[in-house]
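Undergrad: Annotation source Swiss-Prot lists signal peptide at 1-23, citing sequence analysis. What Swiss-Prot lists as active site, nucleophile is Ser38. Under the heading N-linked glycosylation site, Swiss-Prot lists Asn50, Asn103, Asn107, Asn195, Asn296. The active site annotation in Swiss-Prot covers Asp323, His326.
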Amino acid sequence: MSSSSSMDLLMCLLLLISPVVLAKSSSTVPAIFTFGDSIFDAGNNHYNKNCTAQADFPPYGSSFFHRPTGRFTNGRTVADFISEFVGLPLQKPFLELQIQILNGTSNFSNGINFASAGSGLLLDTNKFMGVTPIQTQLQQFQTLVEQNLIEKSIIQESLFLLETGSNDIFNYFLPFRAPTLSPDAYVNAMLDQVNKTIDQIYKLGARRIAFFSLGPVGCVPARAMLPNAPTNKCFGKMNVMAKMYNKRLEDIVNIIPTKYPGAIAVFGAVYGITHRFQTYPARYGFSDVSNACCGNGTLGGLMQCGREGYKICNNPNEFLFWDFYHPTEHTYRLMSKALWNGNKNHIRPFNLMALATNKITF
């Protein structure tokens, strides 16, 4: 067996062991602030009644919460698992916290989840669905900081998690819109917003920053809706575009410590992590890495889970995908473990555990 194969096998065994072992750390992180899309969304869309991108109906949430919470999966998301590993309560969505704070029943002390499923880096991405774009998420955070509702010392020690862009790239290939930019120019427009995002959170006090890559967007079951996408394999053109974005994103993340004094940053290689699940499914407990557990039609990708006429699998833990676009809790668990204490194939220059325990001098 080659050394690389041995390393892959060792890593998969580590990912499959009890999450309790991985969750123990001497973290110095008092709070987590999360921005992005459905990989993180804890229910903001549910509290946004103008938003049509919803997962607030069964069987969403059925495997862990036993009720829908607004998360676009059957249980916990990456943000939830990382909160558990750090030793913090699960993050609440900003729009829920806002209501509770007005009622005097909560505060922002453990962090906030601003993510909105369906959103992107570009303002026009799914705008018609009423999602909250990254620009608005950042403005929500900025308002809290300017109103002194979050202590500066807490912000500086907190973990900032960011992941967005998959909806931008998927939408580039929608049949009813003609792209006005080349793939290269479109990706650069996305990355312009990445730079603005990092600049804004740094000015607001962020110092521990984790930016995650996109996964293989061209493999989601929802590609069955696209007339030019293959269903017997992943959509290559879409994945090429995602990898282009990821490569340039990593270059941006790598210079954060130089460009922003006092900041430390890591790049989570979500694409590579997911690709390993697809390449060695049995090692990670998967029997199906192509079809949605919950949905209907080709690949289970022609209908959203929970809508009239949907079908659901018997064991979601054996599926990579929960619905037409989103992974199962099992996938998120494995992904989160790789990001938390994985090696440089998964996250670099060091993992989230190191980022959370690293002492920062201001």
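One-based numbering along the chain as shown.
Cβ atoms are placed via backbone N, Cα and C, with glycine included.
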Undergrad: Could you tell me the C-alpha distance between Asp323 (active site) and Asn296 (N-linked glycosylation site) in angstrom, no decimals?
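TA: Here the two Cα atoms are 9 Å apart.
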Undergrad: Sort out for me which one of Ser38, Asn195, Asn296 has the most neighbouring CB atoms within 10 A, since those are the recorded positions we care about.
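TA: When each Cβ's neighbours within 10 Å are tallied, Ser38 leads.
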Undergrad: Expressed to the nearest Å, what is the distance separating Asn195 (N-linked glycosylation site) and Asn50 (N-linked glycosylation site) at their Cα atoms?
TA: 29
Undergrad: Among all the protein chains here, how many other CB atoms are within 10 A of the CB of Asn50 (N-linked glycosylation site)?
TA: 9
Undergrad: Output the one of Asp323, His326 that, of all these active-site residues, has the highest number of other Cβ atoms within 10 Å of its Cβ.
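TA: Counting Cβ neighbours within 10 Å, the top one is Asp323.
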Undergrad: Rounded to an integer, what is the Cα-Cα distance in Å between Asn296 (N-linked glycosylation site) and His326 (active site)?
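TA: Just about 14 Å between their Cα atoms.
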Undergrad: Expressed to the nearest Å, what is the distance separating the residue listed as 'active site, nucleophile' and Asn50 (N-linked glycosylation site) at their Cα atoms?
TA: 17
